[in-house]
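Per TrEMBL, repeat 'WD' is recorded for 240-282, 383-425.
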Amino acid sequence: MFNGFHVYVATYLALQAFSIINNGGCLFGCEPYDSDGDHEEEQDDDMDMDGIKADEIALASVAAEAVGKDSNDIADALKELDMDHYDDEDDDGIDVFSKGLGDAYYPSNEMDPYLKDKDDNDSEEEEDMTIKADDSIIVCARNEDDISQLDVYVLEETEYGPNLYIHHDIIISAFPLCTAWIDCPLKGGERGNFIAVGSMEPSIEIWDLDVIDEVEPSLVLGGVAEKKKKGKKKSIKYKEGSHTDSVLGLAWNKEFRNILASASADKQVKIWDVATGNCSISMDHHTDKARKNLLVQAVAFSHHVPQILLSGSFDHSVVLKDGRKPSHSGYRWSVTADVESLAWDPHDEHNFVVSLENGMIQGFDIRAATSNSDSELKPSFTIHGHDKAASSISYNPAAPNLLASGSTDKMVKLWDLSNNRPSCVVSKNPKAGAVFSVSFSEENPFLLAIGGSKGKLELWDTLSDSGVAQRYSRYNSRKSSDRS
């Protein structure tokens, strides 16, 4: 099994065409063009062949001087060619479709000099397709020119430094909005490397990343069963348990590995069993009647108590549901704007962070909630982090209190959240356009993957910043390379 991270990238690229125009010229000099082109005709008619030969020899002499050859040698060579009688040459014995060297063949490819590098090329291609244990895998979901696809990148360490390349890609059916990594066997199959993709469609596609040139997903959760048209009206029938609108958020439960949570524009949160392909639970707890747009944007399972699930909505709330208490209505925190992203603190089971559409980032401690709490649950801290939507956040898996945030203001920032007194460690414009996704690597924890509107994956070795290195280098268990 290989581990990696996944980044959402939206692409708006224009292909540029380049043309090269070669201007012709004269090698040793050209006669100027004469607009009175007829005035030489009579002289040309009277010119004899000896004059032409003399001119050829004279030109050859000039050329010979330019290249350091003896003019007599050039003249002799021209004489031997006997170009004056070229058309009179006897065609007997000449085979137009020659059996000469052009048709030579060899008993084996090893003896053919034209194929001498074939085996080397094959071995290089095979090496590129082999994923090593210490390689990092990055999956980017992107859309370009109405084509949606997953790009599976490999980041390998070489003696010359890091090398990033696309291992393979997968064409998907709709505009991607979110992804989640899964390794659980699907419908009784084998354990593998899968990625779930939420899109503008109500279905969730799960693709096998170990298969090259895959054309169909390994599993589809929900979706449209059939469409009917009666006059001007369209009737859509959905599969049992399906979402009925776009899937905006996904979260995989790493403890109960067959469980996947999804959030949708249909205002619902669903729990899926990927081993059976069925929806186990549907929840509609984001029901603020004062707001029309109640779509659920994000979901996140706790790292420490896997039965606990957070969901964040455009109803300006975050709700905690505990699977051990199915009848409980859950705990609710109000926030100041639409929820963009959620993240549990991997180093403290009580804390989570939410990023908002107004650029703010807020932290909460679940211990402040009580079983009968209807009162306002205040955040532990609030950061005025960005000038535009704080679209994505990611905790560093190795260094406590280190959080990355990305925004549509094109900036990525690293925050020290120690003692609930946040401070900005470093701010960077990664040249990715509006940033849609940031994600720290599990295996190389200070490597941050960034995806944005320019459609190009960016990698940032955060330890290359002196401020980050000074505070957090002691948490680095893997040698970093300069990828900044």
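Cβ coordinates are placed from backbone N, Cα and C, and glycine is handled just like the others.
Only residues 6 or more beyond the boundaries of the repeat 'WD' (383-425), in the same chain, are considered here, and those with a CB under 8 A from a CB of the stretch are 340-348, 353, 355-363, 432-442, 445-446, 448, 450, 452, 460, 462, 465, 467-468, 471-472, 475-477. Per-residue confidence over the repeat 'WD' (383-425) averages out at a pLDDT of 97. Secondary structure of the repeat 'WD' (383-425), assigned with DSSP and counted as helix (H, G, I), strand (E, B) and coil, comes to 3 helix, 19 strand, 21 coil. Sorting each residue of the repeat 'WD' (240-282) by its DSSP state yields 0 helix, 22 strand, 21 coil.
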